[in-house]
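A short write-up of the structure that comes next.
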Amino acid sequence: MPNASSWSASSPLLLLWEDSSGTRIFLSLLYAVLAISGTLSNVMVIYLVFSFKKLQTTSNAFIVNGCAADLSVCALWMPQEAVLGLLPPNSSSLRSAEYRLLRGGLLSLGLTVSLASHLLVAFNRYVLITKLPSVYQALYQRRHTGCMIGLSWALALLLVPLLPGLWTPGSAQQPPPRQTDGGSRYTALLLALAVLGQTALLLHCYLGIVRRGRGSAKRVSVLNFHLLRQLPFPAAPPPPRRAQRRLSSVSVLLLCCVFLLGTQPLVWVSLLGFFLRPAPAALQAASWLLLCSLSALNPLLYTWRSEEFRRAARSVLPRAEGSAAAPRHAAA
């Protein structure tokens, strides 16, 4: 019968090495909440973009791409983790290497495409705001946009056989920190450096938007790209310029802070484990949980400031229809 270490080794993203029943139940409930909320929010964003023509823009195409990737995490991977946390430690499902690889593949596919989509959205907005309109039109033709989206999935599919080795050790007799081989250590290092580089590019794009935001707002409205409301700018009628710049900066910085909170703990835990010593198991689990939780938060990060998204959501929700019908009835 497997002991506590074998349970932890079979699902290191879900459970801590102590694997008490309270820990398993708590993390299972947490994954269940993230799975439900993330699935609903990602499906809602995809549905709105495909249903409303005003939302069918280049920037939203990258957002939908990220939502589709996040569904791999929220709708397919998280529910399995929630259920596995409630199973007894001697369950055969937990000892199946093939099943662990399947779960790891779903997770690596979703996270890789999701992180790539973050960068694609940031670069799209950076080009729109800081470059000439002719440059934006030439770069973001429909064919080029489709190629960018396709490359994000192709990159993820190439990495799927590699990344699950980070959390699926070959033996289930010891906790992973003692059995991590050189290949897994270097894979963790490459993953950390890739996320760190992606974060640096994303911050460069959004900080560039903050610096050039005021001059670009007029350019976007003249060209009628329907992207101004997707950016962290207020909807019409705009407030005074100083308030607009302050609100735009706060929105961009908030997005960047949430992204940093979700990605950087894993980066530094991985670097610590490679250059010094493995981090405590609780810290490793917490860093992975923060990264996975981004899949549930991403739809809100990119739509909460968009009046177009809010208007579209109000038009499809039954509650919005009921509240709109009440005034008409009263007026009659």
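Don't overthink the numbers, they just go from 1 along the chain as shown.
Glycine too: its Cβ is placed from the backbone N, Cα and C atoms.
Database features, via TrEMBL:
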DOMAIN    41-302  domain 'G-protein coupled receptors family 1 profile'
TRANSMEM  25-50  transmembrane segment
TRANSMEM  62-80  transmembrane segment
TRANSMEM  100-123  transmembrane segment
TRANSMEM  144-167  transmembrane segment
TRANSMEM  187-209  transmembrane segment
TRANSMEM  250-276  transmembrane segment
TRANSMEM  282-304  transmembrane segment
Chain residues outside the transmembrane segment (62-80) and at least six past its termini with a C-beta under 8 angstroms from it: 31-32, 34-35, 38-39, 42-43, 45-46, 49-50, 103, 106-107, 109-114, 117-118, 120-121, 124, 145, 148-149, 152, 156, 292, 295-296, 298-299, 302-303
Contact between the transmembrane segment (282-304) and the transmembrane segment (187-209) (at least 3 Cβ pairs under 8 Å, separation 6+): no
Tertiary contacts of the transmembrane segment (25-50) (same chain, 6+ residues out, Cβ under 8 Å): 14-15, 56, 60-61, 63-64, 67-68, 70-71, 73-75, 78-79, 81-86, 289, 292-293, 295-300, 302-303, 309, 312-313, 316
Stretch-averaged pLDDT - the domain 'G-protein coupled receptors family 1 profile' (41-302): 77
